[in-house]
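S.K.: Quick one: this structure, given as structure tokens, is what I'll be asking you about.
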């Protein structure tokens, strides 16, 4: 299996856009890529308008192999969203089975979590870290550039190391057009914690798919992409 799990240090750090950028870069590099979103909250009522991360990833990345999982209307943590919907969370086996079903020989399968690394995604308090451990998959961490990111990032990396889950590196999800001293210093420090694989421009999720492809294709090192398979 060639599975890469993607998490974020916080809500709103750009995890979905980073997943789309990586998927787009892989596609441009000639890699067969699929994207899984095992648990999605905030989808809104049936027929209404809510968040749909996979639709956004498909629109931006030009990737068709999109695999949705369990969806809940309210924009809450999965446990709370499932309770409010009167629906069950998936079991560990269901989560793992979904990813394995999406993967294929020669394919890179990206798995985007919901929230951070230790947010409960399934029954019996299963987390994204548990999923990565079960799949023997590395984890790419999407981080913010500003104040607070060093502590959040270090805590996430420490949590991965505690369960011997390899970190595939960091992606800065929204690099400002005019970074200040904090952002510049943080970028250097983040690179000492783990390799920074890309720093995506803030607002890149709002550009056209053509521009998104151009930006994504140059954001990631092609040699690193090839090594993910």
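Residue numbering: from 1, along the chain as shown.
Note that Cβ sites are derived from N, Cα and C of the backbone, with glycine treated the same way.
So Swiss-Prot lists these for the protein:
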- 12, 13, 14, 15, 16, 17, 53, 112, 113, 114, 115, 201, 202, 203: ATP binding site (BINDING)
- 16, 53, 112: Mg(2+) binding site (BINDING)
- 37: active site (ACT_SITE)
- 41: substrate binding site (BINDING)
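On this model, are these features tucked inside or out on the surface, and what's nearby?
M.R.: Residue 14 (ATP binding site) carries neither a helix nor a strand DSSP state and counts as coil.
Every protein chain shown contributes to the tally, and the Cβ of residue 16 (ATP binding site) ends up with 23 other Cβ atoms within 10 Å.
Annotation note: residue 37 (active site) sits in a strand segment as assigned by DSSP.
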S.K.: Within a 10 Å radius around the Cβ, which one of these binding-site residues has the most neighbouring Cβ atoms: 12, 14, 113?
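M.R.: Buried the deepest by this measure is 113.
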S.K.: Report the largest Cα to Cα distance, in Å and rounded to a whole number, among the residues 12, 13, 14, 15, 16, 17, 53, 112, 113, 114, 115, 201, 202, 203 that the record lists as binding ATP.
M.R.: 22
S.K.: Taking the Cβ of residue 112 (Mg(2+) binding site) as reference, which residues of that chain separated by at least 6 in sequence fall under 8 Å from it?
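M.R.: For residue 112 (Mg(2+) binding site), the qualifying residues are 6, 15, 16, 19, 35, 36, 37, 53, 57.
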S.K.: Once the DSSP letters are reduced so that anything not helix or strand counts as coil, what is residue 112 (Mg(2+) binding site)?
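M.R.: The residue in question, residue 112 (Mg(2+) binding site), is strand (DSSP, three-state).
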